[in-house]
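K.L.:
Structure in structure tokens, see below.
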Amino acid sequence: MEKLRELSIRAKKYSVICQFFRALVQPEYSAVTDVYVLMFLADTVDFIIIVFGFWAFGKHSAAADITSSLSEDQVPEAFLVMVLIQFGTMVIDRALYLRKTVLGKLVFQVILVFGIHFWMFFILPTVTERRFNQNLVAQLWYFVKCVYFGLSAYQIRSGYPTRVLGNFLTKSHNYLNLFLFQGFRLVPFLTELRAVMDWVWTDTTLSLSSWICVEDVYAHCFVLKCWRESEKRYPQPRGQKKKRVVKYGMGGLIVLLLICIVWFPLLFMSLIKSVAGVVNRPLDVSLTITLGGFQPIFTMSAQQNQLKDLTEEDFSSFISSYSYTPSALQFLEAYSREDVTVAELQGSSNSLWTISPPSRQYLIMETRSCVSQSWLNIYCCLFVYGPVLSPFVQSDDQYKDILLALERSTNQSREIQEWWIVDQPAASLLQVGASLSDRREAGLQLFVFSDKVSPPSLGFLAGYGIMGLYASVVLVIGKFVREFFSGISHSIMFEELPCVDRILKLCTDIFLVRETGELELEEELYAKLIFLYRSPETLIKWTRR
């Protein structure tokens, strides 16, 4: 008897649970509601939190900084997985909403609740090595997800709506709905993705192109309806010129915007380094002296303590020493004290001049055949200001200063190559090489001028250069602007419609018969819509006030 009693108690418990789920899936009566928009907004907020707060979901904050990772063309695997899962749940939610499957939504809700709680309270603290109550970004993400769970539970309890007609932003015809709807359509691929998903998970006889055609007609007529309603609220008397507030407010802003777009690359490249530039101090300064293509006769580098900053007094005295040299001042005015680094190089070379006897003999013969001229090249990784060879030249023969300086710039550094000419016979040239190892007490002091570089957050734009910005930004924007200002005459027939109520009613009827399953009538109404746009006379009759 006791076993039978226990079995009956368990059966009652199971029956209560089954009755609960049966009431959710097949309710006798429910006030049907639609909170999909709120669920979508909650998922969107969570998506944004993942993108901008990804550092809180990784073990090492610096390594998980998504902005720096993307700027280096690197995508963390954990970030990719989280974004794809979040986006995948949004797609599944949309599919369940279009199919109106309450049972599928219930199963999906249970999986999400258990999966997210297990990940949030067990897996994430292990990965990040931080407790949940110490992770503010994770708490914010979880709070928004709990809001989504509450909305989903309310949707399951109430049931999906039997009819899904149009976009939720097209329920009213005012400026707010107009601008929100236009912004919704400007998001890349959002309109196209929504149209394709709706076509996939909605019963219809229309092809994909016909479906998109109906959606485009409905969106176009909604925009026209909003503008006609605004003209009714704020009528413009006939024969009255436009007010200055409208002309200078709207026209002036457009003129200013177009001017900024045209000159944006020049202003951006000019201000990004002078105003927002980051000081780019050198980490290593190397000096190499070679004779033609032979082995270097002198090699030295300066690092760490050998690289010193100038004080304000030293920099001022350095500038004043060239106050009567316009060419030097023209160069120096582009730099400040923070951009100058003094590199102190020892006079002795790091390595011996390992020239082989045959090469040495060939060098002597080559210099004699060239009469008295040979090239002595100095290669510096950064700009070197002032004479360099003078401490090493032991001969009193003809000595010439810098003949030519060529500059090669990049985003991160500046490279200068300076050529020196020494009029010496071969023996004197070899003496110059030997003197480098003899003057061990000598030293070189190089003034390194480093250009500022763009900050990391704007490096992706600065990397294009002026011509790249013109090609990728100005010309692309100019193409869209040109489309707005040209080709208007070809769209007058569809833009200047006094009243679009009947066309909107026809589109709504197509949505309605589709939801009720009358697919033959859907085809007939679509054919009527196509005929309407093919016949200008009929379109004029339909759009009269």
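From the backbone N, Cα and C atoms, a Cβ is placed for every residue, glycine too.
From a predicted model like this one, the values you see are computed outputs, not experimental measurements.
Pulled these from TrEMBL:
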type: DOMAIN; residues: 33-270; note: domain 'Piezo THU9 and anchor'
type: TRANSMEM; residues: 35-58; note: transmembrane segment
type: TRANSMEM; residues: 78-97; note: transmembrane segment
type: TRANSMEM; residues: 106-124; note: transmembrane segment
type: TRANSMEM; residues: 136-154; note: transmembrane segment
type: TRANSMEM; residues: 248-272; note: transmembrane segment
type: DOMAIN; residues: 308-368; note: domain 'Piezo non-specific cation channel cap'
type: DOMAIN; residues: 394-544; note: domain 'Piezo non-specific cation channel cap'
type: TRANSMEM; residues: 458-481; note: transmembrane segment
K.L.:
In the same chain, who gets a Cβ under 8 Å from the transmembrane segment (136-154) while lying at least 6 residues past its ends?
P.N.:
33, 35, 38-39, 42-43, 45-46, 49-50, 53, 55-57, 105, 109, 112-113, 116, 120, 124, 128
K.L.:
What residues in the same chain, six or more past the boundaries of the transmembrane segment (35-58), come closer than 8 Å to it by Cβ-Cβ distance?
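P.N.:
Same-chain residues near the transmembrane segment (35-58) but 6 or more away: 64-66, 76, 78-79, 82-83, 86-87, 89-90, 93-94, 97, 124, 127-128, 135-138, 140-141, 144-145, 147-148, 151-152, 154-155, 168.
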K.L.:
Restricting attention to the domain 'Piezo THU9 and anchor' (33-270), give the mean pLDDT.
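P.N.:
Mean pLDDT for the domain 'Piezo THU9 and anchor' (33-270): 86.
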K.L.:
I'd like the per-state residue tally for the domain 'Piezo non-specific cation channel cap' (308-368) from DSSP, helix first, then strand, then coil.
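P.N.:
DSSP composition of the domain 'Piezo non-specific cation channel cap' (308-368): 31 helix, 9 strand, 21 coil.
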